[in-house]
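Okay, so here's the structure we're looking at.
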Amino acid sequence: MQDFLKRLPKAELHLHIEGSLEPELMFALAERNGVELPYASVEAARAAYAFEDLQSFLDLYYQGMAVLRTADDFFDLAMDYFQRAHAEGVVHVEISFDPQAHLARGIELSVQMEGLGRARRQAERELGISTALIMSFLRDCPADEAMRVFEQAAPYWETIDAVGLDSAERGHPPSKFTEVFARAKELGIPRVAHAGEEGPAAYVREALDLLDVCRVDHGVRCLEEPALVERLRDERIPLTVCPLSNVRLKVVKHIDDHPLPRLLEAGLVLTLNSDDPAYFGGGVLANYLACEQAFAWGKETFASLARNAIEVAFMDSRRRQALLAELDMVLGEA
Ligand code: HPA
Ligand SMILES: [Zn+2]
């Protein structure tokens, strides 16, 4: 099964590139840029990744990204991740990034975009993976700041596949961002949003009604509203579920208690993702393997989750057809 899950062509739709910063690279970049880290060693950094909730993680996540200063840093960050993902059978990666978190530290948007763009092109050329870029807004910052950043990003709109919404969820409902999401829609840019991770099912509803999202990131708390579950199923709105993240941020007590089996049972379009692999104990493959351990799903189930991800990814139709054919081949050989 392990070999099958590795060979399965996997698309990752929910990945914060800043959350892929492994302590080894964090230390290397800190050295390169003369940034002081609050950890004595790589091991001490890993040991500090014991989270109580989303906010306690976000505190270290924002602190860690302080080592990213130049375009080369963003390039190294993304390239490092693309290589690891490629090695575990990931064929398509959609990276979210948090421009406001870097702008607040004086790192220009052009620096972020140059580094990430260069890594995307190199990964596509040298590793044969396809990529997409999601510009995420910080929901715990003012809505007018998100709008300013989005307008500032006008020269890059063509390279942005979607806008997203992340950071501290509670007390920051999707409704706060109606305007900037409407602006993205007007420009024909697709929309996704984190909702129903720590926040209530009502936030998932708001993301659909007010932000017109085509996918919901996490969304696991939709189960608290049966009518919402029906709607997600009927409208085939995909959820990008991140089981190891949910365990590490105590959204669920234990992987065995994860609602994935219930979400599957409800007939929802689900995908498996890593969220912040450097902080939550592994990449996409680790998330597939954790589900195998916990739920003992068969190959067909994993293949259908991988198929969902390819079907709802931001990629051109020829690439989609090729990856679906590859998936059928791997399943046929299994
Ligand atoms: O898991 C997350 N949730 C919300 N915001 C985030 N930003 C990075 N990771 C996360
Ligand atoms: Zn996330």
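Each Cβ is built from the backbone N, Cα and C atoms, and glycine gets one as well.
Predicted automatically and left uncurated, TrEMBL annotations should be read as such.
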Annotated companion of His14, His16, His194 at the Zn(2+) site, TrEMBL, chosen from Asp80, Asp275, Asp316: Asp275
Asp276 (substrate binding site) in three-state DSSP notation: coil
Neighbours of His14, His16, His194, Asp275 excl. site residues, C-beta within 8 Å of centre, Zn(2+): Leu15, Gly19, Ser96, Asp166, Asp217, His218, Thr240, Cys242, Ser245, Asn273, Asp276
Distance-selected recorded positions near ligand 2 (C-beta under 6 Å), from Glu197, His218, Asp275, Asp276: Asp275
Chain-internal residues near His16 (Zn(2+) binding site), provided their CB is under 8 angstroms and they sit 6+ positions away: Tyr61, Ile95, Ser96, Phe97, Asp98, Ser136, Asp166, Asp275, Asp276
Intrachain C-beta neighbours of Glu197 (active site, proton donor), sequence separation six or more, cut-off 8 angstroms: Leu54, Glu169, Asp217, His218, Gly219, Val220, Arg221, Asn246, Leu249, Val251
Distance-selected recorded positions near ligand 1 (C-beta under 6 Å), from His14, His194, His218, Asp275: His194, Asp275
DSSP three-state assignment (helix, strand or coil) for Glu197 (active site, proton donor): coil
